[in-house]
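See structure below.
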Amino acid sequence: MSRIRWRYGTAATALLVAAGLVPTATAHAEDVTDYSITVDPAAKGAAIDDTMYGVFFEDINRAADGGLYAELVQNRSFEYSTDDNRSYTPLTSWIVDGTGEVVNDAGRLNERNRNYLSLGAGSSVTNAGYNTGIRVEQGKRYDFSVWARAGSASTLTVALKDAAGTLATARQVAVEGGWAKYRATFTATRTSNRGRLAVAANDAAALDMVSLFPRDTYRNQQNGLRKDLAEKIAALHPGFVRFPGGCLVNTGSMEDYSAASGWQRKRSYQWKDTVGPVEERATNANFWGYNQSYGLGYYEYFRFSEDIGAMPLPVVPALVTGCGQNKAVDDEALLKRHIQDTLDLIEFANGPATSKWGKVRAEMGHPRPFRLTHLEVGNEENLPDEFFDRFKQFRAAIEAEYPDITVVSNSGPDDAGTTFDTAWKLNREANVEMVDEHYYNSPNWFLQNNDRYDSYDRGGPKVFLGEYASQGNAWKNGLSEAAFMTGLERNADVVKLASYAPLLANEDYVQWRPDLVWFNNRASWNSANYEVQKLFMNNVGDRVVPSKATTTPDVSGPITGAVGLSTWATGTAYDDVKVTAADGATLLSDDFSGDASKWTHTGAGSWSVQDGQYVQTDAAAENTMVQAGDPSWHDYDLHVKATKKSGKEGFLVAFGVKDTGNYYWWNLGGWNNTQSAVEQAVDGGKGTLLTKAGSIETGRAYDIDVKVRGRQVTLYLDGQEWGGFTDDKPAEPFRQVVTKDARTGDLIVKVVNAQPAEARTAIDLGGARVASTARVTTLAADQDAVNTETDAPVTPATSTFSGVTDRFTYTFPANSVTFLRLKQR
């Protein structure tokens with residue numbers, strides 16, 4: 001496809017210095033670090049695909065219902081249940097005045113829409129919407145619809161109101177006979193964030209699919225998308241949209257929604273449930289703790305991808321559950337059905353309107369194919385062998401019928417470890433075209449791992465970085481991600497696709513942080529991370545121009561810090577703690593025969609000395625850290641005996657503890673007791689240094705030993721060496737990449753300065769002939785700055801810089817991402 005990324009980037013800016021918005025290139029600070037960048041314009045770097053950067057949409061944090069899907073009524077079909085959330089009932093978000101009950105009987109609207117509301121004569125029902133209520137704006141129009149039936153004539157009075165009174169003139173709808181769809185339109189007379197939709201019946205009536213949509217949806221489409229959110233996604237100019245998940249895809253039952261399955265309400269995301277008339281789409285529980293109406297379904301995802309010029313990239317379940325469930329489904333008939341469903345999905349997307357599933361697409365309003373080229377099977381499976389056995393069967397069936405489709409595999413939920421290594425081995429041996437990697441790590445990890453893909457096999461499977469983020473929405477997180485993205489671009493011959501995750505978060509329904517775009521029922525705002533993604537996506541270029549920069553020296557000095565004990569959703573007893581210096585001197589010894597006065601409780605949970613052990617008894621509490629010792633300790637051996645008493649996981653044994661946000665810990669039996677890892681926390685964000693599969697037994701005492709020497713750590717479990725690592729990789733704050741825009745001829749010099757010092761930089765363009773004035777876009781802010789609904793400290797500033805030659809000096813502001821567009825002559 002042909003897309004012009006630059007138009008919303010630096011090329012769109014007026015060529016004027018933005019006075020007061022960004023530090024000028026000649027600014028000097030007391031704290032300045034000198035760097036150099038050397039560009040080789042004659043060398044040919046990696047080509048960058050149009051689709052390199054994209055977005056990943058998953059219905060998490062109410063991203064769909066109550067978010068991108070513009071429906072204003074919550075629980076419009078009375079289908080909420082305890083399968084979705086233990087607090088839910090079929091009348092969640094509704095209040096009945098008079099008599100009314102939700103019924104599941106043969107009088108329903110259709111077989112796949114099981115519930116409806118039976119409303120008594122003279123009664124009414126009121127919906128509260130999402131967040132604080134239904135948002136309406138003065139002068140704007142809203143479309144109401146309802147499926148209803150009545151044995152005798154009944155008049156429905158439909159009203160929009162809030163605590164202060166009416167929000168629009170009420171409408172009346174005459175209902176008589178069997179199920180039929182009725183419509184009305186409102187024009188809001190006031191603006192309110194706390195609206196309610198009320199439906200009153202003068203005689204008995206049955207109601208289902210009670211709906212209210214703003215007329216002003218994205219592209220004015222029916223069953224459409226919330227305009228501001230869709231426009232923010234479109235403004236990124238993503239090369240692809242990965243959907244619908246995520247953990248939604250590969251968790252829950254793999255059965256369908258039918259009488260044969262008992263109308264299974266906790267299913268994996270199965271695309272056929274989500275197409276066709278919305279009143280016939282089978283509701284489902286959401287892995288993240290609420291309900292999915294599927295009003296936003298596969299057709300809408302494909303349509304939105306097409307509308308924004310992005311490649312659709314759907315993900316289908318592989319019949320191996322992940323996200324902590326970790327179960328392989330052994331049912332050959334069910335596997336064959338899912339494989340056929342996947343073939344049918346390709347037909348739905350690409351088949352002619354005369355084909356079975358192409359006809360469904362055409363009847364929904366899109367006779368032309370959606371041009372699907374990539375499809376992913378599975379998501380973050382922790383059972384690589386079982387997953388890959390099924391993946392190969394999916395791939396063989398797809399290649400036999402649709403050889404032009406790229407079938408994407410994955411490498412599990414982490415950036416390293418046994419599962420990751422096994423998955424990659426299987427993918428390489430089977431000549432898989434593309435492998436999806438996922439990781440969520442600390443900003444420090446992203447600064448340390450800019451070179452991650454430098455050593456990947458150029459002839460092996462290509463990488464799809466389908467999910468990544470640096471565990472926060474502060475500017476320091478955006479800086480670290482920007483630094484990492486320069487490495488992604490530099491390795492564009494290996495990394496073909498990359499998308500930040502998650503995309504959207506409703507601030508009143510949060511299951512996961514950080515997120516790219518935040519919103520409530522009245523507004524939406526860009527995170528600092530969004531501004532980074534937008535800057536890169538709109539200024540990609542078509543080819544890497546090789547360049548080099550001076551770097552930070554390797555880390556020196558030993559690992560220093562006290563020791564700690566912690567738990568995560570687990571009750572644990574610790575005993576016989578001993579810390580010994582390298583020369584044999586005892587630094588700490590505690591058998592808890594007395595009290596725990598040597599320990600400082602800095603986390604959650606409930607600690608006490610019981611029967612000569614230090615016990616954490618709250619099996620629901622997370623990060624229950626207690627610390628002991630001196631933060632200046634180095635070169636020591638830590639021994640502790642640990643016994644799991646109850647709960648979901650195992651032990652957390654910390655070392656190198658500087659404070660509550662900076663430490664290492666050995667996480668034994670983490671991730672719902674499926675694997676163990678060493679994690680490093682830097683300023684509160686954690687990154688994984690080492691992982692292995694394994695679990696911890698309840699009631700068994702384990703001997704745990706950690707040996708720290710310099711920057712090398714060796715770990716022993718029950719006297720056997722478990723693993724080790726050397727933490728000597730610098731968190732490089734200065735990163736760069738240079739690309740060329742073939743259409744404009746511009747060289748785009750992209751520099752990240754993730755430190756509180758300016759970076760005075762000598763830039764050598766290697767003889768390239770360029771115009772004397774550069775167009776500049778800068779993101780700069782305090783490292784802890786966070787964009788909110790009312791304040792956006794991280795906002796792009798545009799300017800020009802004069803004095804560009806083939807060798808010039810530019811001072812990059814502290815804590816900044818800067819793109820220089822240099823016009824070649």
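Heads up, the Cβ atoms here are built off N, Cα and C, so glycines get one too.
Among the features that Swiss-Prot reports, active site, proton donor/acceptor is placed at Glu380. The C-beta environment of Glu380 (active site, proton donor/acceptor), restricted to residues of the same chain at least 6 apart in sequence and closer than 8 Å, consists of Cys247, Asn250, Gly322, Cys323, Asn410, Gly412, Pro413, His438. Annotation note: Glu380 (active site, proton donor/acceptor) sits in a coil segment as assigned by DSSP.
In sequence order, Gly245, Gly246, Cys247, Val249, Asn250, Val315, Pro317, Gly322, Asn410, Asp436 constitute the residues six or more apart from Asn379 (alpha-L-arabinofuranose binding site) in its chain with CB-CB distances below 8 Å. The alpha-L-arabinofuranose binding site annotation in Swiss-Prot covers Glu58, Cys247, Asn379, Glu380 and rests on similarity to another entry.
Swiss-Prot lists 70-215 with the feature domain 'CBM-cenC'.
The annotation signal peptide is assigned in Swiss-Prot to 1-29 on the grounds of experimental evidence.
The annotation site 'Important for substrate recognition' is assigned in Swiss-Prot to Trp607. The DSSP secondary structure for Trp607 (site 'Important for substrate recognition') is strand.
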Confidence summary (mean pLDDT) of the domain 'CBM-cenC' (70-215): 98
Residue, out of the recorded positions Glu58, Cys247, Trp607, whose Cβ gathers the largest set of other Cβ atoms within 10 Å: Glu58
Inter-residue C-alpha distance, Glu58 (alpha-L-arabinofuranose binding site) and Trp607 (site 'Important for substrate recognition') (nearest angstrom): 38
Within the domain 'CBM-cenC' (70-215), residues counted as helix, strand or coil by DSSP: 0 helix, 83 strand, 63 coil
Near-site residues: alpha-L-arabinofuranose, ref Glu58, Cys247, Asn379, Glu380, CB cutoff 8 A to centroid: Gly245, Gly246, Leu248, Val249, Asn250, Thr251, Val315, Gly322, Cys323, His438, Glu467
For Glu58 (alpha-L-arabinofuranose binding site), the three-state class that DSSP assigns: coil
